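Features as listed in TrEMBL:
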TRANSMEM  6-28  transmembrane segment
TRANSMEM  40-62  transmembrane segment
TRANSMEM  68-87  transmembrane segment
TRANSMEM  108-127  transmembrane segment
Amino acid sequence: MDINQLIFWGMFGLTVELFFTAITELITKKNLNLMGHSSIWMFPIYAFGLSYGFDLIKLIIPNDFLRYFSYPFWIWAVEIIIGYPTSKLGVRIWDYRYLPHKKHWKGIISYVHFPAWIFFGILVEMVKKFVN
């Protein structure tokens, strides 16, 4: 386990999330403050998920197109595995309940983010080529 790799990917994930949420607010609400948001709880999720999870997926699914298309399902699995139990404890690390009812499941997974998760997966793969 390389601590520098974990720190890099934890920070990378948080940074991408901050940019994504700030730009989403700009586009949807015309909010010029560009203030993104995340939870510190996301740091270990990004650190381990991006350090090791994406490599595992690449081993399991070597075909680029199929792997890109699968990323939202892997991410939803993580969101359910982590988000459901934590929500039962009263902790919402992320919360999609702001979306209309049919566009999310219990605020834990967002169907709307399907294309964003594909692009995020491709971005992670591109960055991994330079970092590793």
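Note that Cβ sites are derived from N, Cα and C of the backbone, with glycine treated the same way.
With a cut-off of 8 Å between Cβ atoms, the residues of this chain six or more beyond the transmembrane segment (108-127) that come close are 12, 16, 20, 50, 54, 58, 67-69, 71-72, 75-76, 79-80, 83-84, 87, 94, 96, 99, 102. Long-range neighbours of the transmembrane segment (6-28) within the same chain, counting only residues 6 or more positions beyond its ends whose Cβ lies under 8 Å from a Cβ of the stretch, are 34-38, 42-51, 116, 120, 123, 127, 131.
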